[in-house]
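As written in TrEMBL, here are the features:
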type: BINDING; residues: His34, Leu36, Gly61, Glu82, Asp110, Asn125; note: S-adenosyl-L-methionine binding site
type: COMPBIAS; residues: 289-304; note: compositional bias 'Acidic residues'
type: DOMAIN; residues: 41-210; note: domain 'Ribosomal RNA adenine methylase transferase N-terminal'
type: REGION; residues: 1-22; note: region 'Disordered'
type: REGION; residues: 289-308; note: region 'Disordered'
Amino acid sequence: MAGGKFKKEKGSSSSSRAQPYQGGIQFHKSKGQHILKNPLLIDSIVQKSGIKPTDIILEIGPGTGNLTKKLLEAGKSVIAVELDSRMVLELQRRFQGTPFSNRLKIIQGDVLKVELPYFDICVANIPYQISAPLTDKLLKHRPVFRCAVIMFQREFAMRLVAQPGDALYCRLSVNTQLFARVFHLLKVGKNNFRPPPKVESSVVRIEPRKPLPQMNFKEWDGLIRICFNRKNKTIGSIFKQKSVLSVLEKNYKTLQALRLSENGSLEDTEMPVDVPILAEAGEDLSMEVDDGEDEDDEEMEVEDVDQKRSDFKDKVISVLKQGGYEEKRSSKLAQADFMHLLSLFNKAGIHFS
């Protein structure tokens with residue numbers, strides 16, 4: 001669902017932008033401090049958030065409180081998480097002695113490090129440099145909140161909402177949409193902020209899925225990491241890479257050994273939680289062959305290892321052919337396709353964590 005575009009305000013000179021905020025507060029661009037100054041934009045964000053009078057609202061990076069005031073008017077209470085002590089003092093000064101003072105709780109600290117209390121809805125204009133880790137933290141928050149309406153840098157926002165076939169469709173798109181429904185609400189011009197940022201912005205609505213998907217996320221993310229390492233190549237060419245095959249074979253052998261030791265057979269069992277996660281791309285994934293004194297024995301051993309590698313490669317390719325994925329590309333696959341592909345690999349005893 002798309003919203004309108006807020007145009008840049010006219011008549012703002014560079015000298016006026018350089019002046020500090022009332023009370024002598026100077027904003028720091030390096031800390032992502034870009035305060036919303038357009039009251040119409042603030043009203044629109046609050047209106048599109050769908051805040052109920054009974055809602056406890058989480059605001060991240062409230063700054064001087066322009067959005068905070070509107071949130072307090074709309075909901076039951078606001079929990080504001082702010083890192084800058086100067087902004088904390090400004091918030092306290094602004095709302096002290098008002099009807100809102102008892103309904104505003106300020107937590108001074110890094111939102112990525114503090115433990116977030118219960119909240120119904122999150123509405124925030126955040127520092128853009130924390131977009132990815134904050135989105136991850138919110139999606140993992142329990143209990144699950146109703147929705148989050150957040151201002152992001154435009155490109156990041158478009159990655160969140162991207163669909164198969166879109167140029168910006170990526171691992172972030174797939175993983176976010178696994179846990180939440182994501183909607184683009186508003187495009188926001190630079191001059192709606194003081195000081196103006198260098199990039200365009202967008203407001204996005206994130207609604208966590210209920211119930212949440214029941215799956216091994218490490219398995220899922222391991223598959224998605226591989227598939228989107230070269231998203232425009234065919235799935236077949238990606239899984240034929242030696243580094244990918246080596247890691248998957250290592251996981252396969254580890255699981256086989258664990259199942260033998262625990263059950264005395266290779267019957268299907270749940271994947272042990274202590275199996276090492278898929279190795280990073282920079283790790284040396286080459287298989288070592290012990291040196292032997294007999295040259296002929298050494299050659300036979302190498303040939304045997306190569307044959308085993310070839311057998312495992314055939315096993316992987318057969319899975320791709322079974323699902324019809326060998327010639328397809330990650331950039332065009334939907335979430336259901338990746339789920340199906342993961343289930344086919346798991347049924348074949350191939351795991352990604």
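Each residue, glycine too, has its Cβ placed from N, Cα and C.
Structural mapping of features recorded in TrEMBL.
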residue: His34; record: S-adenosyl-L-methionine binding site; Cβ neighbours (10 Å): 26
residue: Leu36; record: S-adenosyl-L-methionine binding site; Cβ neighbours (10 Å): 20
residue: Gly61; record: S-adenosyl-L-methionine binding site; Cβ neighbours (10 Å): 24
residue: Glu82; record: S-adenosyl-L-methionine binding site; Cβ neighbours (10 Å): 24
residue: Asp110; record: S-adenosyl-L-methionine binding site; Cβ neighbours (10 Å): 10
residue: Asn125; record: S-adenosyl-L-methionine binding site; Cβ neighbours (10 Å): 27
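Note on the domain 'Ribosomal RNA adenine methylase transferase N-terminal' (41-210): its mean pLDDT in the predicted model is 96.
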